[in-house]
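Swiss-Prot has this to say about the protein:
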- 1-127: topological domain 'Cytoplasmic' (TOPO_DOM)
- 26-46: region 'Disordered' (REGION)
- 36-45: compositional bias 'Low complexity' (COMPBIAS)
- 128-148: transmembrane segment (TRANSMEM)
- 149-162: topological domain 'Extracellular' (TOPO_DOM)
- 163-183: transmembrane segment (TRANSMEM)
- 184-219: topological domain 'Cytoplasmic' (TOPO_DOM)
- 220-240: transmembrane segment (TRANSMEM)
- 241-254: topological domain 'Extracellular' (TOPO_DOM)
- 255-275: transmembrane segment (TRANSMEM)
- 276-282: topological domain 'Cytoplasmic' (TOPO_DOM)
- 283-303: transmembrane segment (TRANSMEM)
- 304-424: topological domain 'Extracellular' (TOPO_DOM)
- 425-445: transmembrane segment (TRANSMEM)
- 446-726: topological domain 'Cytoplasmic' (TOPO_DOM)
- 531-661: nucleoside 3',5'-cyclic phosphate binding site (BINDING)
- 645-661: region 'Calmodulin-binding' (REGION)
- 666-695: domain 'IQ' (DOMAIN)
Amino acid sequence: MPSHPNFIFRWIGLFSDKFRRQTTGIDENSNLQINGGDSSSSGSDETPVLSSVECYACTQVGVPAFHSTSCDQAHAPEWRASAGSSLVPIQEGSVPNPARTRFRRLKGPFGEVLDPRSKRVQRWNRALLLARGMALAVDPLFFYALSIGRTTGPACLYMDGAFAAVVTVLRTCLDAVHLWHVWLQFRLAYVSRESLVVGCGKLVWDPRAIASHYARSLTGFWFDVIVILPVPQAVFWLVVPKLIREEKVKLIMTILLLIFLFQFLPKIYHCICLMRRMQKVTGYIFGTIWWGFALNLIAYFIASHVAGGCWYVLAIQRVASCIRQQCMRTGNCNLSLACKEEVCYQFVSPTSTVGYPCLSGNLTSVVNKPMCLDSNGPFRYGIYRWALPVISSNSLAVKILYPIFWGLMTLSTFANDLEPTSNWLEVIFSIVMVLSGLLLFTLLIGNIQVFLHAVMAKKRKMQIRCRDMEWWMKRRQLPSRLRQRVRRFERQRWNALGGEDELELIHDLPPGLRRDIKRYLCFDLINKVPLFRGMDDLILDNICDRAKPRVFSKDEKIIREGDPVQRMIFIMRGRVKRIQSLSKGVLATSTLEPGGYLGDELLSWCLRRPFLDRLPPSSATFVCLENIEAFSLGSEDLRYITDHFRYKFANERLKRTARYYSSNWRTWAAVNIQMAWRRRRKRTRGENIGGSMSPVSENSIEGNSERRLLQYAAMFMSIRPHDHLE
């Protein structure tokens, strides 16, 4: 007689062969109809209807992504649908012929084959991970179904049937979720081991191979079966009531702890394997740092929950031992540790009942019950003395929360507060708690510290930079004025950029993605600049791709008059003062508002033909009146844009806009307007005076001539700008 695993494998193989024959027969009939009765497509071939030619994605080398072992024509690559030109039109590939693609879907006996990289499978894996975490938290709740009754009569052991029923329903629902996961595993494509030798791995899409691979894997199907076996439910409803009637308390505790560890440890391993698979396929689990922080915190909480549950069960065993010892000392003791109803449903008991509704009255001589439930009594409880009021409490909240608190406190302090007795089981449990505390602190708390460090890394980086800067300024003995300027600039850059170099963050991204990100960040700001408001989207995309953010602190000089202009700066926030020397002692000042720009000498330098390599000098000094946020275009970037889109910069409207907002043109225009106004005023005054001339008027004429010379000097110093836009 074949073994049970071989029988299952044989059944899966026969079922897959039958389904494949049916699918192959249908596809052959469809091929006959499509090809007009071509006999070459018919026959007894039982191979799946799949092309032997590998798809384009499978033949590429580069990013380690999983590819299929065969080209699925029903799911053509997206790049093929988007390819086309004016000579080769794009064909409508989104509506395939149903007669040809309906029978090419990869289906098996368990349903359609799923791609592990799909969003659907990723969402299901996250939901399963949360369900497995809930299952880890539900299993220790079975321990709290056991309790010791405490009234004016004797103490007895019973099982809270109502609470056990609730926990059983929760556990069964979570096992049903895992059972659905097992069903999906029979449909989920896997990576072929042979394909990992050379290349980046290929997915196996054959339904029969997928089912066979999952069923034969010890860490696959059989491991999942062990995890979802309803062992705790069966033990609590079939075994525990019988053992309570037989008063085998030690055997009850031993069975509970062994069964718990038999399923709890595999569940932990299953969760770890699931998280590793999710990280291997997608590179992340939930995608944010805070989710990782929460997962580690939940794991630490579950570990405390498990430790508290084991502590609760072992405390019940010690109380039962105390009651037996007290009974043996009395001589005439007919003790029954079991209550009259070993399974008691407190939720449906009459409310008029004082205390517990199911207590035993089978004690002929009264045992001093408070002595065994008193932590200050003669019986030494060791580490279980704080559990005495918990195991006899009628409140489920107290029974669940206090052991969790004890577990958190014990694991966090490495069991420093534990004072065990000479009982060997108590000593072993204390050793396990110490080792568990060290292990959890090393793994989970260490991971939490890593996440917190990642969150606080930017702030810490800022603090280290400020400390190093202060040390350097102190070592170089910089004056307090310069130190204050450095501190002001560092604070402003931190407030504006958050301590991050935006260009460095997106530097390694693909060009298309980087361009889209910079367009999203800079497009609205660039549109506010009047010079770029009427340009094409293609030019704006190139400007956004080459724009760099800049920050300047108050009272800082952006550029001095006469210095080479290395970049064109566009002001987004703040005001800039422009100072230009017209002659000795004569300064022309103006203010640039948000939307203005400086360094327009580069624009004429880029458009000039023949081209000169020497950068143009700045015609003015620019000083920040406020904290400035801007973006800049370097000389090479601006030259690239003007060379490739010169047709746009020859536009008459753009020429007028550039001259209107240019600080150089505005200064030149202001000087010429003032000169013309003064000439007109002088001419009108001369007409009013007539021909009368006195010595006083002669002196005034000489003074006017000196002023006229200064005005002409200012006019000639303010040379008409050359923007080469004609």
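Any Cβ shown, glycine's included, is placed from N, Cα and C.
Mapped onto this structure are the features recorded in Swiss-Prot.
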residue : record                                         : CB count, 10 Å
Leu531  : nucleoside 3',5'-cyclic phosphate binding site : 20
Lys548  : nucleoside 3',5'-cyclic phosphate binding site : 16
Val565  : nucleoside 3',5'-cyclic phosphate binding site : 20
Leu582  : nucleoside 3',5'-cyclic phosphate binding site : 18
Gly599  : nucleoside 3',5'-cyclic phosphate binding site : 23
Pro616  : nucleoside 3',5'-cyclic phosphate binding site : 19
Leu633  : nucleoside 3',5'-cyclic phosphate binding site : 22
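Packing against the transmembrane segment (220-240) from elsewhere in the chain are residues 139, 142, 145-146, 159, 164, 168, 171-172, 175, 178-179, 181-182, 185, 213-214, 252, 255-256, 259-260, 262-263, 266-267, 270: each is 6 or more residues past its ends and has a CB under 8 Å from a CB in it.
DSSP assigns Leu531 (nucleoside 3',5'-cyclic phosphate binding site) to a helix.
Here the topological domain 'Cytoplasmic' (1-127) returns a mean pLDDT of 48 for the predicted model.
Helix first, then strand, then coil: DSSP counts for the topological domain 'Extracellular' (241-254) stand at 11 helix, 0 strand, 3 coil. With a threshold of 8 Å between CB atoms, the same-chain residues lying at least 6 positions outside the topological domain 'Extracellular' (241-254) that come near it are 146, 157-159, 313-314, 316-317, 320-321, 336-338, 342-343.
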